[in-house]
Amino acid sequence: MGNRAVSYLFFSVILITQNGHETKAGYNHNVAFKPECERRGDYIPSKCVYNWTIDYRMTGVWYNTRRNTGKPVFRYDNDQYYYGEQSNCTRLPLSESDLDDVIMTDGGYRRVITINGQFPGETIVAYYGTQLIISVTNNLEEEGVSIHWHGIVQRDTPYMDGVARISHCPINPGETFVYR
């Protein structure tokens, strides 16, 4: 059969109980809600909507989204990151805010699968009982994707929690699927 490459996509889901504490006992840290998913007084939102785009990005590359181009990032003098070529003629400094958009892993350049340009993907934070509506668009070139959830009860909805081709069909390139 030969070797088969497998890609993994990481994200996390945190469920919050009615009183605002995380469900994992003894673990409490500040978590960020999307503004429309936050509790306001006694009001707990009945639904929380996320829009995810699955795409490729290169690690160690700064992207100019207006021009749809990317340049490699490197560290030149121990306290400053640059993008461009390592030769002096095309080396340009990166600001702290520019670095927020660069996926830094182990210092190498490699293609990774991202959610909304992030690796690992964003954290979903929701109160217990809130319906999560997550629209996933697959912009990969040739790989189907599916999302397997942890920490979310799936009763009578095997098609909403999946390993592709086992519990439901994959989301093919160019397609969108809405998980509820």
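For all residues, glycine too, the Cβ spot is worked out from N, Cα and C.
In TrEMBL, annotation is done automatically, which means it is predicted and not curated.
Within the model, the domain 'Plastocyanin-like' (105-180) carries an average pLDDT of 84. Taken from TrEMBL, the feature domain 'Plastocyanin-like' covers 105-180.
Secondary structure of the domain 'Plastocyanin-like' (105-180) per DSSP (helix as H, G, I; strand as E, B; remaining residues coil): 3 helix, 27 strand, 46 coil.
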